[in-house]
Amino acid sequence: MEKSVPMNDWKAMKAQRAINRVHLFIHGAALAALFYYRITTIATTTSSSTHFVAHLVIFTAELTLSFIWLLSQASLWNPVARTVYPERLPSDDDLPSLDVFICTADPVKEPSLGVMNTVISALALDYPPTKLHLYLSDDGGSPVTLRALQQARSFAKVWLPFCRKYKLKNRCPQPYFLGEEIIGLEEGRVGDSDSDSDSDHSFVDKKAIEEAYEDFKISLGKIVIEEDVGASRDHSSTIEVMSDDEEFPLVVYVAREKRPSHPHNFKAGALNVLLRVSGMMSNSPYILSLDCDMYCNDPTSARQAMCFHLDPKLSQNLAFVQFPQIFHNIRRNHDIYDGAMRFIWTKWDGLNGLRGPVLSGTGFYIKREALYGIRKLQPNVDLNQLKEYYGSSNEFIKSIYRSYKTNFPSTDESLQKEVQLLASYSYDKGFNLHCEGWISVYFAPSRPCFLGSSPISLSETLVQNMRWFLGLSQVALSKYSPLVYGAMRMSVLQSIAYAELACYPIYFLPVYILAFLPQLCLLAGLPLYPQACLLLALFVSSPFFAVFVFVLISSQLKQAQEVMASGDSLRTWVNEHRVWVMKSLTSYSFAVANAILEKMGLAKASFVPTSKVTDGEVDKLYQMGKYDFQAPPAFMVILCSIYMINLGALVIGFGRVLVNGKINEMAMQAFLPLFGVILHYPLMEGMVLRKDGGRVSPSVSLLSALVSSLLLSAYALLSQY
């Protein structure tokens, strides 16, 4: 029998794999030598107790950095790239149906025009319209969002035929009409150059559709004026089904019930409600989940995902296909806030070589069966047990076991009541897909399938990262910690890769230590590193000085190599390193602190949507490559105080070293504040030189000066004992 032609293929990234593995062994050997030096130094220290404690604390920082570095090697061990062949898919009649989930929460922070552009782009996917169903979750329960969705559906009825007629590649109206050029993307229209797309008829059609889009925007503006724009935290459930055309995708508006006295589990709760409501209606076997600002940039993404989901070799165990998050508002090589998150997608390539990447929150096609957790249920499970696991709806439980068939909403009153009940039910159940034996796939095509907007201010960047890493910290502190829960349920390398993500926020600890301790010891004249001879760079009085220098250079060169391999410049490396330090000192530390307080019952997690509204001044600063330092004062005081301490240590401490003739002993400690002061020069610029709206607030600068002075004075007193 002739073998079927594969719909996808993969290839090991051999060059990158070789570099990763060679670096692992060489850098690991250098770390072993560094540990030997620290242990022997601590064991033989006979000087003051302050000096002993300083060595112990700096060793703690080095151990923590090395621990996270070792965890990171799992995701670098076997990077894999994938390709697909959509032309080998079965015919449209044989494709499975697809549900699209989009979540929004606040029409003020997430303006309706942007949300509806995402909705329209999803409705315009290159997929059989009778097999496509869209569900919009409105956690704010706003009439603005409901009416905007109705208008978007009306516009989509003229937009979709236009897209299909001229084979548009970019089917999101806003960027299409603005003519935006996205990095790495081809032209907005595909087809032969001699097609009728440039004919007079095409021009007339485009003019008409552009006028229709302008009318659509005007209608949204009127809705905002007529309705209360605010998001509600106390409202009943609302379901509106829009299905008057069988040749047009089903559209469903869902606002779940929310009460101040009941936990609603934020976005996870909204997605769970969509999962249950859609199970009662379309019950498609596959689901696309999108953030409200993450529009479809390539209409063929569903077909690309099906190249994996319908592969006989993968299908049985494949839970989801993850696409990368790419952002249209980021300037390549000028990404001063590291919004592109390059390091994440580098790790996802490596996880592709294990059992697949982590679910990344948006831009993934997931199998409904994987979300239901049917694998964990016994064949003859009791109905009461099912209700305990899935909730009280009998109709929903039936939908779990019935064959996947499109079941357009009935007018039957009992069914409508069931749907309403589901929207009011808070269902919160973690799905540990990889622990249950599922696998996943990461696919990054040359044309990004989804494009979103990334924060372009320091405030939004730090707050967003604090929210993300709060979740990771909660996982690390829970019974589902990857090093414990995952170790017996998945491969060793995959468990380690998950552990790296969960432990990532603890970077704050070594960064704080390295930002303070060597600098303070420099002021006190206490050496923490081996002695160096600066007369001849190739010769040192202690061989261990070369070890420390090698570890530092090795780690920085490896990151620079990864940046260059991704097609970015060394400027990207500088920006990534600078923002990583800022995040470690603020976002990560606050995330870990909040997670610990929540674990102790002293605080509750909160979720604030990242604003999708672009401020003109903020955008102007970003385009100029200048940081907007109008971030929360607590964050800015930390950053500015540490900068002042490093600057003071460099000027005063290094001066004392020169006077006392201890330059060889203190060379490494003098380098650290020098590196910090140069790397974070934009902070100095923001405090002293800039006069624009994005500068550091004078009150923050004064408070930071006071805090840094108090810390230096306190250390001076302690160092005497």
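Every residue, even glycine, has its Cβ placed from backbone N, Cα and C.
Summarising the annotation, TrEMBL assigns UDP-alpha-D-glucose binding site to K109, E110, D139. Per TrEMBL, the feature Mn(2+) binding site maps to K267, D291. For 21-39, 51-72, 496-517, 529-553, 634-654, 666-684, 696-718, the entry in TrEMBL reads transmembrane segment.
The Cα atom of D291 (Mn(2+) binding site) lies nearest to that of E110, taking the binding-site residues K109, E110, D139 as the candidates.
Long-range contacts of the transmembrane segment (634-654) within its own chain (CB-CB distance under 8 A, at least 6 residues past either end) are made by residues 459, 462, 515-516, 519-520, 522-523, 582, 585-586, 590, 666, 669-670, 672-674, 676-677, 680, 683-684, 687, 696-697, 700-701, 703-705, 707-708, 711-712. Residue density at D291 (Mn(2+) binding site): 23 other Cβ atoms are found within 10 A of its Cβ, drawing on all protein chains shown. Those residues noted as binding UDP-alpha-D-glucose (K109, E110, D139) have their most widely separated CA atoms at a distance of 13 Å. Around the Cβ of E110 (UDP-alpha-D-glucose binding site), a 10 Å sphere holds 25 further Cβ atoms from the protein chains shown. Of all the binding-site residues listed here (K109, D139), the one with the fewest other CB atoms within 10 A of its own CB is K109.
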